[in-house]
Amino acid sequence: MTTVRTRIAPSPTGDPHVGTAYIALFNLCFARQHGGQFILRIEDTDQVRSTRESEQQIYDALRWLGIEWDEGPDVGGPHGPYRQSERGAIYKQYSDELVAKGHAFPCFCSAERLDAVRAEQMASKETPRYDGHCMHIAPEEAQRRVAAGESHVVRMKVPSEGVCVVKDMLRGEVEIGWDRIDMQVLMKADGLPTYFLANVVDDHLMGITHVLRGEEWLPSAPKLLKLYEYFGWEAPVNCYMPLLRNPDKSKLSKRKNPTSITFYQRMGFLPQAMLNYLGRMGWSMPDEREKFTLDEMIAHFDITRVSLGGPIFDLEKLSWLNGQWLRELPVERFAEEVQKWAFHPDYLMKIAPHVQGRVETFSQIAPLAAFFFSGGLNLDASLFEHKKLSPEQVRQAMQLVLWKLEALRQWSKDGITAVIQAVAESMGLKLRDLMPLMFPAITGQASSVSVLDAMEILGPDLTRFRLRQAIELLGGVSKKENKEWEKLLAAIA
Ligand code: GLU
């Protein structure tokens, strides 16, 4: 019997997402339950959006949760490299193979031509898709143009009629019409593969036997299955996991719910409780108990117990479960965990330089610095009354700062200062005009230790969370304002 091998294949393009941890957990449990292996592969073919920092954050966040992998870019293994950006030659070889066998073809169409085709299709209410223009170029002619260095992508051929039957561990057989499937680009003009080619080639070469991935990928399953067929490879067994949802049932999004694992770490959740909660997403123990460890989950794991009704990721439910975990810790462990969270020398050393000059006794530290050890704050709306700005402008300024901070790549005091400065200037104001809003939002007080330093120390997750909280307290942002302010945002340097 072949060994079960599963994987998680995140793209390192932002904060480490709870959805990644959720899918990783189920892949891990499935592999362990069968005595198999769990692999981590980094899908960084999007060179513009992928960063090494984000990759590192994924490792840190998963490890913090207690998720370990047997093979991966950082631990090595016999099927490496495990980072797609280092496998360029492999994809090229397989793309060439598909073209040679007539399953794929070079496409020389310009962006203008593709736009025109799309516009025409939209006008006649057809599904926009590639019209097959370059598929009809004779292979020798196409090869000549490629050899001459003409810019091109490689597209896969797909059937024009009939249905593709996708086998899913949870849904059984799902039929998807080929008329809904485009001639997918496999290799981009820059010579890098798209997700589809790289994913199939890697899952095959890495010996992946079962793929548990989010259901947002189900509509594109036919493309992957066709590629396996073209290569003559056996496709892995597929399982499309239900997506995590906000309490209002919409797809989990950071506008409504913090989605970064680092947020939950900063808020003071216990990793075991967090992992336990992710295990409750669409799945339950045979005896329905709410609190269980990773080992217990593995021991009782059964993928068919995953239910398809969209699991709701609810902060209140998670907090309740975390409370159960905290209360059941031996008190020594509790004290240790608190220390590990934020009462360790590293964190205290960040805060010390900002409080030392402001206290006469140690006992004054806690009232001054409580916000460094808090999650959300109890805010007083009157602190946001501004000498120059109307209540609307106050909300506008804070929302613009929040949006800009959400996009800030390098979290540093200088970067944060530049953001606030740019927003102030866009409103005809000075940096110091906006500081009276930042103080209460971030520290809960009208004045405190340097708020710019505080934002740097608190980090992106808590800073954004508190700004969002303050904006909500002041009445939130209406749909109309949202539209208007997004336009202003686009104009800010
Ligand atoms: N890189 C894809 C993602 O970020 C992987 C999807 C899959 O598991 O195939 O979600």
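Here the Cβ of each residue, glycine as well, is placed from N, Cα and C on the backbone.
TrEMBL entries are annotated by machine, without manual review.
Summarising the annotation, TrEMBL assigns Zn(2+) binding site to C107, C109, C134, H136. According to TrEMBL, the feature ATP binding site maps to K254. Among the features that TrEMBL reports, domain 'Glutamyl/glutaminyl-tRNA synthetase class Ib catalytic' is placed at 4-320. Feature annotation from TrEMBL assigns domain 'Aminoacyl-tRNA synthetase class I anticodon-binding' to 333-471. What TrEMBL records for 10-20 is motif ''HIGH' region'. The motif ''KMSKS' region' feature in TrEMBL is assigned to 251-255.
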H136 (Zn(2+) binding site) in three-state DSSP notation: helix
Number of other Cβ atoms within 10 Å of the Cβ of C107 (Zn(2+) binding site) across all protein chains: 21
Pairwise CA distance, C134 (Zn(2+) binding site) versus K254 (ATP binding site), rounded so that it is a whole Å: 41
Distal contacts, the motif ''HIGH' region' (10-20) - CB-CB under 8 A, six or more residues away: 40, 42-44, 46, 49-52, 54-55, 57-58, 60-62, 214, 243-244, 252, 254, 259-264, 278, 313, 460-461
Output field, Zn(2+) shell: CB within 8 Å of site CB centroid, site C107, C109, C134, H136 dropped: F105, P106, F108, Y130, G132, H133, M135, I137, R155
Composition by DSSP (helix, strand, coil) of residues within the domain 'Aminoacyl-tRNA synthetase class I anticodon-binding' (333-471): 105 helix, 0 strand, 34 coil
Integer Å distance between the CA atoms belonging to K254 (ATP binding site) and H136 (Zn(2+) binding site): 45
Same-chain residues at least 6 apart in sequence whose Cβ lies under 8 Å from K254 (ATP binding site): D15, S260, E406
Helix, strand and coil totals (DSSP H, G, I; E, B; other) for the motif ''KMSKS' region' (251-255): 0 helix, 1 strand, 4 coil
Helix, strand and coil counts within the motif ''HIGH' region' (10-20) (DSSP): 3 helix, 1 strand, 7 coil
Nonlocal neighbours by CB distance (under 8 Å) for C109 (Zn(2+) binding site), same chain, sequence gap 6 or more: Y130, H133, C134
Residue among the binding-site residues C134, H136 whose Cβ has the most other Cβ atoms within 10 Å: C134
